[in-house]
Amino acid sequence: MFDRKKIEEGVRLILEGIGEDVERPGIKDTPIRIARMFEEIFRGLLPPDEDLLKSIEGETHDEMVLIKDIPFYSVCEHHLLPFFGNAHIAYIPDGRIVGLSELPKALDYLSKRPQVQERLTSQLANLLMEKLKPKGCMVVIEAEHLCMSMRGIKKPDAKTITSAVRGIFRKSQTTRQEALELINRRDK
């Protein structure tokens with residue numbers, strides 16, 4: 001569980017540390033707001049409300065399933081600044097499929113914690129392999145990191161792309177290429 005009081009105290013200390021008047025009307029309730037926000041954006045640190053990636057057994061579909069351009073946000077664990085973008089998730093079933101909303105739900109759960117994009121990408125692919133036992137999967141995540149956009153090197157709009165490739169997507173260049181072409185295809 002989250003310790004809301006400890007979060008509020010910490011935020012108050014940070015505000016004092018940067019020279020803010022913690023009793024100023026616009027700032028006074030900020031520690032409470034931040035504590036509530038942390039409970040929401042870090043929900044993935046708690047056990048999931050439901051079983052992730054509930055599968056439907058006995059399906060005979062054995063061709064690629066791809067959901068692309070799934071928007072997400074997360075928080076970089078190094079600077080506690082957001083990173084956000086789109087995920088693309090492909091898998092080839094082996095007797096099990098999931099309802100299409102299950103993949104974005106899994107992404108949302110795993111992204112709601114202090115995180116790095118590389119780990120998020122791998123965690124999603126590993127979860128897919130563990131729960132669905134598909135012939136293979138591929139996860140590609142494209143994201144902008146505010147820790148690069150608004151501080152440090154200050155390069156807004158720079159995108160970081162990570163991938164995790166498992167099973168047949170790793171073994172077969174043709175399968176991997178098909179997924180990449182579908183991900184990169186833009187409807188006119």
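In case you wondered, yes, glycine gets a Cβ from its N, Cα and C as well.
Worth saying up front: this structure is predicted, and the values here are computed from it rather than measured.
As given in Swiss-Prot:
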| type | residues | note |
| --- | --- | --- |
| BINDING | CYS76, HIS79, CYS147 | Zn(2+) binding site |
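In sequence order, PRO82, PHE83, PRO114, GLN115, VAL116, HIS145, LEU146, CYS147 are the residues near CYS76 (Zn(2+) binding site), counting only same-chain partners six or more apart with C-beta under 8 A. For HIS79 (Zn(2+) binding site), the same-chain residues that are 6 or more apart in sequence and have a Cβ closer than 8 Å to its Cβ are CYS147, ARG151. CYS147 (Zn(2+) binding site) has a Cβ environment of 16 other Cβ atoms inside 10 Å.
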